[in-house]
Amino acid sequence: MPASPKEAQSRAGADAVGVRMISSEELRAHASRDDLWISISGDVYDVTAWVPHHPGGDIPLLTLAGQDATDAFAAYHPPSARPLLRRFFVGRLEDYTVSPASADFRRLLAQLSSAGLFERVGPTPKVQVAGMLLLLCAALYCVLACASAWAHLLAGGLIGFIWIQSGWMGHDSGHHRITGHAALDRLLQVLSGNCLTGLSIAWWKCNHNTHHIACNSLDHDPDLQHMPLFAVSSKLFGLWSYFYQRTLVFDAASKFLISYQHWTFYPVMCVARINLLIQSAVFLLSSRKVPQRGLEIAGVAAFWVWYPMVVSCLPNWWERVAFVVASFVITGIQHVQFCLNHFSSEVYVGPPKGNDWFEKQTAGTLDIQCSPWMDWFHGGLQFQIEHHLFPRLPRCHLRKVAPFVHDLCKKHGLPYAAASFWQANVLTWKTLRAAALQARKATSGAAPKNLVWEAVNTHG
């Protein structure tokens, strides 16, 4: 749809005072790290100098370079961020238009902002912290004060539950302020993430921000790039990953593993935490820019002190192994949850387009239907569509917003996929099975170096 009369009048006034008018074709020509322009609400900005300083990392900017990024910007930034753009202004987009879906999305976003929902986080963070501390005390008591092997096994399971809740807290604090104070939020991130689970919050932010911007893009979204263990589509075979900057090799080992992925999915999810621990360590020790690298490393190091110490307090090796296995297996529930929201949804190849934000986010996500009393179990991600459209919205408001999003999808003929937890598992299994059958028929590339090498280089 064309720009609104108000926008057209503003543009005419801007042109009258000598503001440079820029075509979409010229905008697309500035799409590299060394020459990066974006458009927001019809204004064009040269953010080349800002790329290395962007709090959300450089990948989101590089992914949307040379195009309209209004909806992504509005979803991720509070209104107070707009004045900061002035220093990057270079002109107006002469052929700026807004789709009907985007216009409605922006109206709903403005309504939620006017209602103050983005600032009201509710009691959830406090309840989470209290619950995690209670579970941690119970786990330590079972290890240090109980002689029963069953109590020790229970302690391992409790640690797993703590890691799950820590994951939800890290996710929430990575998207919005849960305490109202940036420094306190950062402290909670490092304590509940790095120290408690061994996962770097900086690594998570880099990975997760990219996932949100390029939701379900096979070559841009790292959350779909789990080769050689899993593939949701045969289009992943041999595809170049823009996130990992390497080819997702489809060789004999990959073909074998993916051919049976619908049977190995749940067993692998039981130990998926190992992959995340490795990725965090690799990220922190890499040459990539890591905010507060020293603090991130210190937090992860703290985990590798306290967790082995707790394990060492158990009386024998088989109980120690059982403790570790229990904590990893229970946490595997969360890894399954992460996959359910996207694995069975629509995928595509190529970068996202900034002017179809609403369409791409709804097509690439799946809501999990559950009763309100089960919201703690899903950590807010049961409303995945709403979360992807409004990532800054605290989870306590997602259930309220869902009916409005559903109405917009219906109005514009867009999918609003929702399924029960069981149905979502079935859909995911069917997706993996379909890709497994495709892998069996596909021709693999070069022979693998070895299975150990493949496992260490697993993506995702």
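Placed from the backbone N, Cα and C atoms, the Cβ positions cover glycine too.
According to TrEMBL:
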DOMAIN    19-94  domain 'Cytochrome b5 heme-binding'
TRANSMEM  133-164  transmembrane segment
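Non-local neighbours of the transmembrane segment (133-164) in the same chain are 196-197, 273, 310, 313-315, 319, 322-331, 333-334, 379; each lies 6+ residues outside the stretch with a CB under 8 Å from one of its CB atoms. As a whole-number mean, the pLDDT of the domain 'Cytochrome b5 heme-binding' (19-94) in this prediction is 92.
Per DSSP, the secondary structure of the domain 'Cytochrome b5 heme-binding' (19-94) breaks down as 34 helix, 20 strand, 22 coil.
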